[in-house]
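Taken from TrEMBL, the feature domain 'Major facilitator superfamily (MFS) profile' covers 102-525. Taken from TrEMBL, the feature transmembrane segment applies to 99-117, 137-159, 171-189, 195-216, 228-250, 256-277, 339-363, 375-392, 404-423, 435-459, 471-491, 497-518.
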Amino acid sequence: MMRCALKGGGCVTSWSGDRRSPAAVNPRGVRMPTGNGGCCSGLRSRAADLAGLEMATLRGGVGGLFRSSPRYGRLQATAAVDPEDLPLEKVQVKSSGHVLPYVGVACLGAILFGYHLGVVNGALEHLAKDLGIAENAVLQGWVVSTSLAGATIGSFTGGSLADKFGRTRTFILDAVPLALGAFLSATAQDIRAMIIGRLLAGIGIGISSALVPLYISEISPTEIRGTLGTVNQLFICIGILAALLAGLPLAGNPAWWRTMFGVAVVPSILLAVGMAFSPESPRWLFQQGKVTQAESAVKRLYGKEKVTEVMYDLRASGQSSSEPEAGWFDLFSNRYWKVVSVGAALFLFQQLAGINAVVYYSTSVFRSAGIASDVAASALVGAANVFGTMIASSLMDKQGRKSLLITSFSGMGASMLLLALSFTWKALAPYSGTLAVVGTVLYVLSFALGAGPVPALLLPEIFASRIRAKAVALSLGMHWVSNFFIGLYFLSVVNKFGISTVYLGFASVCALAVLYIAGNVVETKGRSLEEIERELSVVD
């Protein structure tokens, strides 16, 4: 029998009455310190791993799939062995589970997120004529901004729903406002129906904005959690590009805008059906005291070979159901406030760094460089976003989250300075158009490298399981609130101070973000959620 006591970040192990061979058993007390390890190869070489997913290239022991530590002894884990009987030596076994299909189902929510945000841009002019609001800029603004208001509501409620009903059931519930909102928008005969449809769709994308990264982080193996986490941002970009492409037939068929909205019903239904057959998060099940169901979910996700070691890691993390469910006010307690404030700050920096301003002005910037086509300008920005996100996916588990954030905000700040100078420095006047385009593309690439995908990935990693859903929802709520107010007041600020001054302000925010991240953000690559939780735990 093995007795294991976690102590000072290590594990002191002793053995008694074990009949296994000397090769499998170390009879002496052994100290097993924790450590970090594990990495992932690039996106292309990752493809082969994702097909079999299961990433049994671990060097870690007791933590197995969820703990990557080169200093752990190897550990043989089978579903039939009690965690206390885990032997010190482990023969590496290849997982027979499959995570990728369930990540793909969850990413339907990310596609819908991007699609609902982008679809109104191309359709607004045509739907305004059909609904009789072509001359009413205020009502057109409501069509655009109502979805942001709905997203704010959805992001705050999504955390409570995910804690109460579980991740997969909340996805199924989320498909209702997503599908109904798309249907009402597509069939609207007046502005009221359109606004209701946009509000419902906004609530749906608000819930999914918090739920998709939460679910992916909780079901992903440690070694590729960063790569799979950035898939969320990648599919948001794909959703935006899909909305752009969906608007191409509008030039020949003005009534096509209804089809643009209506087509979003299909992935909403697929999301609900897919989640009905997807496993629940083992972490949520364990937190609810549903140990048997958690074991079944682990078996489906990673294979029966991994059940014992993953369940052992969950038990070792102290995720006991004896603690009551966290309430909203618990997020502001001494125990959790520091880490919650980091999550909220990352999303505030993301929005205050000027991404919406750059996207908004990209069309005029490209026109100044001789690119007259709005579609071409949008496509270039979208392509830069997708390309940057793909690079981030390949680097996330190599370079780490923190270093990518610092690199990203540094690049964004430099790009903002270039944009500001291109508009004001007379010596650069002959090259202003070209420099503005270069600055815009570099900014979007830098954003996609870290500031875009990392916050949504990092937050579920640093939040304790007891508060994870609510804390992610709170942080995403800050994202939507800041997004709403920036959109509301941005033009007024530009008219008062000028675009160059505003860009310099954004560059200053990027510099502050670099300093804040360097001093407050912890690195999480190659570490299980349970390891991170134990390190960041603060006792009241």
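Placed from the backbone N, Cα and C atoms, the Cβ positions cover glycine too.
Tertiary proximity for the transmembrane segment (137-159) is limited to same-chain residues at least six positions away from its ends with a CB under 8 Å from its CB atoms, namely 116-117, 120, 124, 127-128, 170, 174, 177, 181, 191, 194-195, 198-211, 469-474, 476-477, 479-481, 483-484, 487-488. Counted over residue pairs separated by six or more positions, the transmembrane segment (256-277) shares fewer than 3 Cβ pairs under 8 angstroms with the transmembrane segment (339-363), which leaves the two as not touching. Of the candidate ranges 195-216, 339-363, 435-459, 435-459 has the most C-beta pairs within less than 8 angstroms of the transmembrane segment (375-392). Tallying C-beta pairs under 8 angstroms between the transmembrane segment (339-363) and each of 99-117, 171-189, 228-250, 435-459, 471-491 places 471-491 first. Averaged over the domain 'Major facilitator superfamily (MFS) profile' (102-525), the predicted model reaches a pLDDT of 86. Counting C-beta pairs under 8 angstroms (sequence separation of 6 or more), the transmembrane segment (99-117) reaches the transmembrane segment (228-250) with 3 or more such pairs.
If one looks beyond the transmembrane segment (471-491) by at least 6 residues along the same chain, the residues whose Cβ comes under 8 Å of a Cβ in the stretch are 145, 148-149, 151-152, 155-160, 162, 206, 209-210, 213-214, 328, 331, 336, 339-340, 343-344, 346-348, 350-352, 356-357, 360, 455-456, 459-460, 463.
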